[in-house]
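I have placed the structure first, in the form of structure tokens, so that the comments after it can refer back to it.
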């Protein structure tokens, strides 16, 4: 769920997902449309696509099982749908960590018209 995703981002990227990624580029935050603005925004695009492929449970509300050890997150549990959500969140948190250097304040709260071009397929 979103709280677990926030905790993964804190663990992997060392920063708050709510503070840093809730309104970034065209894909980080609510909705998503247009072209990803940079590698960080692409993390959110891929995360949105990943959530879009999940069926049978709600990515934003369901609790999943995971453990974290050192700098790694391991998704667990017997429910395949919940494990998929966990893997979407884990991969995005790792992507944020790996692309910290691309984060650019100019993409915070971008005007909606910036994101009106046609979206690329997942």
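In case you wondered, yes, glycine gets a Cβ from its N, Cα and C as well.
Lifted from Swiss-Prot, the feature list:
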- 26-115: disulfide bond (DISULFID)
- 27, 29, 31, 48: Ca(2+) binding site (BINDING)
- 28-44: disulfide bond (DISULFID)
- 43-95: disulfide bond (DISULFID)
- 47: active site (ACT_SITE)
- 49-122: disulfide bond (DISULFID)
- 50-88: disulfide bond (DISULFID)
- 57-81: disulfide bond (DISULFID)
- 75-86: disulfide bond (DISULFID)
- 89: active site (ACT_SITE)
Near-site residues: Ca(2+), ref 27, 29, 31, 48, CB cutoff 8 A to centroid: 26, 28, 30, 32, 33, 44, 45
Disulfide-bonded residues listed as 44, 81, 86, 95, 122, least Cβ neighbours within 10 Å: 122
Rounded Cα-Cα span from residue 88 (disulfide bond) to residue 47 (active site), Å: 6
Spatial separation of residue 28 (disulfide bond) from residue 43 (disulfide bond) - C-alpha basis, Å: 8
Cα-proximity to residue 28 (disulfide bond), 10 Å cut-off, over recorded positions 48, 75, 95: 48
Fewest Cβ neighbours within 10 Å, where candidates are the binding-site residues 29, 31: 31
Using Cα positions only, nearest of the recorded positions to residue 31 (Ca(2+) binding site) (49, 75, 86, 88, 89): 49
Largest tally of Cβ atoms lying within 10 Å of a Cβ, found at which of the disulfide-bonded residues 43, 50: 43
Whole-number Å value for how far residue 27 (Ca(2+) binding site) lies from residue 44 (disulfide bond) (Cα to Cα): 5
